[in-house]
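*Asks:* I am attaching a structure below and will ask some questions about it afterwards.
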Amino acid sequence: MFFVCIKAPCLGLTKVCDFGLRTRSASLIIKPRLFPVKSDFTIVEEGRNQQSDSSHFVGNGSLTLVGLADSVMGLTSFLLLSSVALAITAQAQNCPVPEPGPNMNLKGNDILQNTFPDGTTVSFACDVGYQAAGGSPLITCNAGSWSPVRLKCQRKNCGSAGEVSHGQIDYPQDTLFGDTAVIICDQGYQLVGQNRLTCGKDGWEGRLPRCEAVTCRPPPMIEHGNYNPKKEEYYEYRDVVMYSCQNDYTLNGSKSLSCSENGNFMPDPPQCVVVECENPKIENAVRIEGPPPPYRYQYTVTYGCKSGYIMIGKGTLVCGIDGRWTPELPQCQLKSTTPATTTTTTTTTTTTTTTSGKKQTAPVTPDPNGSSHSKTGIDCSGVALCGRSNTYSHLLCLLSLWTLAIQREKTRLSEKC
């Protein structure tokens with residue numbers, strides 16, 4: 001509290017009044033009211049006696065003491081000025097709620113107060129996610145005004161989140177409060193744990209994940225098939241297995257599967273299916289190459305048209321995985337006739353034996369050079385010709401003409417045309 005000590009009373013309204021003041025808390029400023037004095041104010045330092053200058057008091061006025069204190073209070077002392085009383089009033093001025101700096105607020109219970117007594121010291125603290133970056137957190141109420149805010153607050157920096165073996169950490173924004181770290185594993189490794197961490201008030205939130213080598217469970221077995229190699233527990237990344245089918249079954253799908261980076265064998269496993277194509281039914285055509293039915297996957301046969309017919313399409317067919325022949329079956333169309341000529345030729349009838357065991361005859365015209373030709377219009381590749389000399393010959397189809405190319409003796413005497 002304030003303490004006012006009168007050292008010498010004023011002996012009249014126009015006399016010189018000497019007085020002394022002492023404060024036990026903070027500095028005081030003495031300001032005159034209603035009457036002039038020699039000086040505008042007198043400062044009384046904390047804890048010291050301050051003798052006033054010989055002030056001249058005129059009239060019945062008062063002095064106001066303004067200073068820092070723990071609470072608002074007033075003190076009135078009466079100075080005996082002859083028979084007139086002079087009032088000296090000591091009064092402290094309060095401070096409003098201080099304005100905080102960026103990203104900070106009052107600390108403790110001070111945040112609940114509306115006014116602060118003169119001389120009060122309060123402290124600021126940085127908001128959650130921010131940290132002090134210099135400056136004092138304290139300010140003081142001085143004669144109704146706060147001292148400047150010196151504290152600086154900046155976003156907390158979490159720094160590096162660490163290291164991940166067989167992986168890396170990416171920071172899309174930064175490592176400051178609220179930012180996110182993303183963990184990415186190397187190829188062939190998979191993440192165990194969360195792939196994101198967030199910078200919080202106490203550092204990176206969450207546990208750092210790890211990257212483990214990718215493994216695959218054994219691939220599935222397939223009906224009427226098998227795969228190799230076999231492992232009891234697991235396969236490592238990029239391990240490959242090969243599938244195969246039992247006899248009379250065809251593999252439909254990928255033959256090989258690989259342990260992929262997502263922990264599964266890729267692509268999907270194949271199937272073992274029975275593929276059989278029907279016996280081609282081509283009117284006016286005969287099979288000249290290929291095995292007899294049944295026809296399995298990728299079996300190949302070749303057909304030729306009978307004499308007097310010409311083939312539209314391709315004569316070689318392949319049995320596909322869908323049980324159909326590719327390309328589409330050809331057609332044998334009747335060959336257009338040509339006008340007869342006056343030229344006389346000698347025609348020899350021969351019998352051709354196809355690989356299917358069927359026989360057919362075709363007119364053959366001798367050639368001056370000793371070869372025989374026949375305008376049959378059929379695909380004659382691979383057709384054997386049985387001649388009168390008990391020898392086999394092969395006819396070549398050149399420019400729509402039969403050409404007797406090669407002769408050889410029959411391998412067995414009992415073999416007949």
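Cβ coordinates are placed from backbone N, Cα and C, and glycine is handled just like the others.
Bear in mind that TrEMBL entries carry predicted annotations, made automatically and left uncurated.
Dumping what TrEMBL says about this protein:
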- 93-155: domain 'Sushi' (DOMAIN)
- C126-C153: disulfide bond (DISULFID)
- 156-213: domain 'Sushi' (DOMAIN)
- 214-274: domain 'Sushi' (DOMAIN)
- C216-C259: disulfide bond (DISULFID)
- C245-C272: disulfide bond (DISULFID)
- 275-334: domain 'Sushi' (DOMAIN)
- C305-C332: disulfide bond (DISULFID)
- 336-375: region 'Disordered' (REGION)
- 337-355: compositional bias 'Low complexity' (COMPBIAS)
- 356-375: compositional bias 'Polar residues' (COMPBIAS)
*Asks:* Near the Cβ of C305 (disulfide bond), how many other Cβ atoms are there if near means within 10 Å?
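*Replies:* So the Cβ neighbour count for C305 (disulfide bond) comes to 26.
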*Asks:* Rounded to a whole number, how many Å is the Cα of C272 (disulfide bond) away from the Cα of C259 (disulfide bond)?
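*Replies:* About 21 Å separate the Cα atoms of these two residues.
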*Asks:* How many neighbouring Cβ atoms, not counting its own, are there within 10 Å of the Cβ of C245 (disulfide bond)?
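*Replies:* By my count, 20.
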*Asks:* When you measure from the Cβ of C332 (disulfide bond), which residues in the chain that are at least 6 apart have a Cβ under 8 Å away?
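*Replies:* Non-local contacts for C332 (disulfide bond): I282, E283, N284, A285, C305, K306, Y309, I310, M311, I312.
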*Asks:* Can you count the other CB atoms that lie within 10 A of the CB of C153 (disulfide bond)?
*Replies:* 23
*Asks:* List the same-chain residues at least 6 positions away in sequence whose Cβ sits under 8 Å from the Cβ of C216 (disulfide bond), in sequence order, or say none.
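*Replies:* For C216 (disulfide bond), the qualifying residues are Y234, Y235, E236, Y237, D239, C259, S260, G263, N264, F265.
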*Asks:* For C272 (disulfide bond), which DSSP three-state class applies?
*Replies:* strand
*Asks:* Tell me, roughly as an integer, the mean pLDDT over the domain 'Sushi' (156-213).
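*Replies:* Taking every residue in the domain 'Sushi' (156-213) and averaging pLDDT yields 93.
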